[in-house]
Amino acid sequence: MNRTTAGGTSAAAPTVPAAPTAVRSAVRPAGHAVLRAGRASFLVHRRAAVVATLLAVLLTVAVVAYLCVGESFVSPVQAVDVLLGRPSPDTFVVGTLRLPRLVVGLLAGAAFGVAGALVQTVARNPLASPDVIGVTHGAGAATVAAMSFGLVSHTSLPYVSVGGGLGAALLVYAFAWRRGLNASRFVLVGIGVSIALGSLTQLFLTKGDFLVAQQAKVWLTGSLNSRGYDQAAPLGLVLLVAVPAALWAARAQRGASFDDDTAVALGIRLDRLRLGLTVLGVVLASVATGATGPVDFVALLAPQIARRLTRTAQIPLLSSALTGALVVVVADLLARRLFSPVELPVGVLTAAVGAPYLMWLIARTRGRSGGSTS
Amino acid sequence: MARPTRSRIAWLIGCAALLLLAVLLSLAVGSRQIAPSEVVQALLHGGTSNDAEVVRSLRVPRTVVGVLAGAALAVAGAVMQGLTRNPIAEPGILGVSQGASAGVVCAIAFFGVHTLGGYVWFAFAGAALAAVAVYAVAAGGHRGASPVKLALAGAAMNAFLASVVSGIATTDARALDEFRFWQVGSISGRGTDVIERIWPFVAAGLLLAALMARGLDALALGDDAARALGHDVARLRVLGAVGATVLTGAAVAAVGPIAFTGLAVPHIARALVGSAHRWVLPVAALLGPVMILFSDVLGRIVFPPSEVPVAVTTALLGVPFLIALVRRRTVAAA
């Protein structure tokens, strides 16, 4: 039973004590350092910590670049000045035009990254990202319906999209459940439901008036254009609430990554754990979708990149969040500048990169991708 | 699964009758209700009444396009399922339709091709490229193309091409205006010129598929068995792929991407007449148009006076079918 998924061949499971050749390694798993703070002590995966630090540095560079590059170039010094609230001639360009958009991108990217990591952990399959299992399409269909029929005010759109995402996930779960959950069935049903929701979205698009349809269409490709603090606020709030949940999730992930028999033998309540992780992932993905529209494949890419970098057995949550944010910020920077003056929606770029990557993953999987998870 | 020939012939006749009913409904039902007797009258004796005009100039072309596209998509689906030995192979799910439509969009945006006769070739090219890419991706790795890998590769291809199309749409407003109505997948507003352009391709594709019926039967037993029965497996695959591509490309060029007809219809056909392709293919060719026309009629009557594009209706009807199929043990376990 090869559970290490694609590429993670060298990932030595750090939770399992290494071979008892060295006494020291039984006490401290290979590759880990112990952090002590008073009476508390934590095991930190050394490589993961280094990777996370590097990612944070890269992200900072990307953020500064994002604020500087555009129609008009702003020097990094000026940009930092604006960030720190000092008076500057570039306050409008940097502080009013670029910064809100950047904040939405950062938050959404992080949310997508964590969401993908959680869902992939539960499904034990790199292919089962929120994009594939219908969450983003559900959020999309609900939002477009609300927009075209003018059901709710603009500010409550994020809640609608969360409802849509959760509803779609629930639907997929219900349809895929048949004396247990099978990963392949889950993915196939997810694809089917996604297609149905996609065509429902098309239907709603034809129902609303033209202007709304135009707006909805831009939203549907996943764009950061004209996104600001209105969208960032609910997203930030949810992320804040999700931090303690994520701490729990990081622990729970270990339990979920064992094979079923081992987990049950260890006394882990698998069903409850999976449900919790999935709900958290789905909520994060749908809130992010509500803010930016479906930025395709970030949730698929980010955890996989992060995991290849850290080489841990579990998908690292912090690094996934950082990678997600990095991917979105860089992609949006490229989307703004690549065909300037025309601006691409960021979702076009992430899909153009992410879809071939998904194909590559598929081409490399052994025939029995996934298998039964319950 | 040997079934008496008599019952198969009965099913064939039943399906033909159903098709006739669907055609009649498609001619009679719409924002302007026309009695079936009037329809027949208008078809046989002409006449210059408003009803006769509506039937002849609007509904007849629409219905014929629906019949051609339905037959093409259903047979393409049956051939794909036979070739890949995979129950969920279908032009829409595998991204072949999206490939064809991306080809058309490229033709409009980059090559300045604005006529159906011109861009049908781009549709073929796009469909062929997408089909080859998806199959190559899914068949890579150890155990070849399992349903889940095929579907995922198709989903990835769909997402990729959709992003390409929307990238073009955002950068080229003129092209967007030309293809945005076509891209939804609808059989309304297609005139006789569309029919004249695509029927030779559909006919050629159907003929090719019909010639392959025995080969597909042999292929169902596995490559080795097919070879032992004296079939050239490689040639069979190539010919089948060409046939399916031509059928899909022609249908998409005419009506835009329509999913799920190619999935549901062959399965229904197999349930009716067994798995022998010399029976499945004609029944699919009859039932494909039935599905398209019924979906189209349904789309005309749910939200009058506006219409629901046929692709939306077929997807909503077809997805429960896919789910039922997936819930059967054999698909997911593979």
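All positions are counted from 1 along the displayed chain.
For all residues, glycine too, the Cβ spot is worked out from N, Cα and C.
Taken from TrEMBL, the feature transmembrane segment applies to B:63-80 (among others).
With a threshold of 8 Å between CB atoms, the same-chain residues lying at least 6 positions outside the transmembrane segment (B:92-113) that come near it are 76, 80, 119, 122-131, 134-135, 150-151, 153-158, 161-162, 164-165, 168-169, 172, 175, 178-179, 182-183, 244-245, 248-249, 251-253, 256-263, 315, 322. As annotated by TrEMBL, transmembrane segment applies to B:92-113 (among others).
If you look up TrEMBL, you'll see B:119-138 (among others) marked as transmembrane segment.
Beyond its flanks by at least six residues, the transmembrane segment (B:150-169) meets 84, 86, 88-89, 93-95, 98-99, 101-102, 105-106, 109, 130, 133-135, 137-138, 175-176, 180, 183 of its own chain at Cβ-Cβ distances under 8 Å. The transmembrane segment annotation in TrEMBL covers B:150-169 (among others).
Residues or ranges marked as transmembrane segment in TrEMBL: B:198-216 (among others).
Residues annotated as transmembrane segment in TrEMBL: B:236-259 (among others). A Cβ distance under 8 Å defines the sequence-distant neighbours of the transmembrane segment (B:236-259), meaning residues of its chain 6+ beyond its ends; these are 65-66, 68-69, 72-73, 75-76, 79-80, 82-83, 90-93, 96-98, 100-101, 103-104, 116, 119-120, 123-124, 126-128, 131-132, 182-187, 190, 194, 197-198, 201-202, 204-206, 208-209, 211-212, 215-216, 218-219, 226, 292, 310-311, 314-315, 318.
Sequence annotations record features per position, and here TrEMBL assigns transmembrane segment to B:279-298 (among others).
Feature annotation from TrEMBL assigns transmembrane segment to B:310-327 (among others).
Comparing B:119-138, B:198-216, B:279-298, B:310-327 for CB pairs under 8 angstroms to the transmembrane segment (B:63-80), the maximum falls on B:279-298. Non-local neighbours of the transmembrane segment (B:119-138) in the same chain are 84, 91, 94-104, 106-108, 111, 113, 145-146, 149-150, 152-154, 156-157, 161, 197-198, 201, 241, 244-246, 248-250, 252-253; each lies 6+ residues outside the stretch with a CB under 8 Å from one of its CB atoms.
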